[in-house]
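J.: Okay, handing you the structure first.
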Amino acid sequence: MADERKKAELFELDNGTMRVKISNWGATITSLCVPDSEGNYADVVLGFDSMEPYLNGMAPYFGCIVGRVANRIKDGKFTLNGVQYNLPINKPPNSLHGGHKGFDKVIWDVVEHKTGENPSITFKYFCCDGEEGYPGDISVTATYTLTSTTTMRLDMEAIPENKATPINLAQHTYWNLSGHNSGHILDHSIQIWASHITPVDSNTVPTGEIMPVKGTPFDFTVQEKIGSRIQEVPGGYDHNYVLDCGEERDGLKHAAKVTNPSSSRVLDIWTNAPGMQFYTGNYVNGVVGKSGAVYGKHAGLCLETQGFPNAINQPNFPSVVVQPGEKYKHSMVFEFSKGC
């Protein structure tokens, strides 16, 4: 840990309108400042002022990239090519977000950092065969780019070198468009371009069913306030949405649109992933974050585009297995704008 502490650093992307701080620890977004319709800046992601709390495990996945496999794998087990693999049970009774020391809790190498009008940073991580129980060596890259004044793109790639393996990376930022220190997100409105979800069992693992959202509190096919029906969902939203009805642009589907109460900031998310975990920060409880802000339940929302949870054990879900020499590709666009 002492060695890792020395190497965890912060890097900045700044195009004059949008300022993003990202660490090589977990390829983690620690701060993202954008203006509202009046030109006032706010930091719209939950996080910490220094790297220390991240290194000490205080962050409930704030801002990081999770992997090798995001979300839950039932009972921490899967079989691939006749071999059973056993993973750490770090969220009993399941394995979550890559295990005890997933991609969010390692130092990534910085292979490129560009400044200028479209600043970018590329991180690389080499994950060894057997790390957290997963098969095969894989090399992973993640590039964050400010593609326009208020748009950020993330391109994640991974190549297995010698064994087939499940790969499912997700970006786990907690958003609060009113500002990270402004309280809960239940008064934000959201639209999700998904007419189905994958319902879950009592341990938050998908049952395998693909369920229509029509007539349920999971229906955000038209914009709705997040808090309007959350009481009907035990514990809050923490569900995978099947992205099946968004328009396409440049090879990415429109996944979600979030608007804060005053409509002064809007976030649109585009992706090429088949699913998106909509999570309302249900387990956040009294985390002391930036400038002493205390993050409570529902202090932020996550929109984690992904392969479906537990897909490795559900043959009817889109496969997350990548063969040696094949390339896993997952792109996201975060597009900020000013509401009316």
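Cβ atoms here come from the backbone N, Cα and C positions, even for glycine.
So TrEMBL says this about it:
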- His172: active site, proton donor (ACT_SITE)
- Glu304: active site, proton acceptor (ACT_SITE)
- Asn71, Arg72, His172, Thr173, Tyr174, Asp238: beta-D-galactose binding site (BINDING)
J.: Under 8 Å Cβ to Cβ from Arg72 (beta-D-galactose binding site), same chain, six or more residues apart: give me those in sequence order, or none if nothing qualifies.
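T.: Those within reach of Arg72 (beta-D-galactose binding site), by Cβ under 8 Å and sequence separation of 6 or more, are Lys91, Asn94, Ser95, Leu96, Asn203, Thr204, Val205, Pro309, Asn310.
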J.: Do any residues at least six apart in sequence from Asp238 (beta-D-galactose binding site), in the same chain, have a Cβ closer than 8 Å to its Cβ, and if so which, in order?
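T.: The answer is Val200, Thr204, Gln277, Phe278, Tyr279, Thr280, Asn282.
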J.: Taking only the residues the record lists as binding beta-D-galactose, namely Asn71, Arg72, His172, Thr173, Tyr174, Asp238, what is the largest Cα to Cα distance between any two of them, in Å to the nearest whole number?
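T.: Looking at Asn71, Arg72, His172, Thr173, Tyr174, Asp238 as a set, their Cα atoms extend up to 18 Å apart.
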J.: Distance check, please: Cα of the residue listed as 'active site, proton acceptor' against Cα of Tyr174 (beta-D-galactose binding site), rounded to an integer number of angstrom.
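T.: Cα to Cα, the residue listed as 'active site, proton acceptor' and Tyr174 (beta-D-galactose binding site) are separated by 9 Å.
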J.: List the Cα distance (Å, whole number) between His172 (active site, proton donor) and Asn71 (beta-D-galactose binding site).
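T.: Distance (Cα to Cα, whole Å): 10 Å.
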J.: How many other Cβ atoms are found within 10 Å of the Cβ atom of Asn71 (beta-D-galactose binding site), counting all protein chains shown?
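T.: There are 29 such Cβ atoms around Asn71 (beta-D-galactose binding site).
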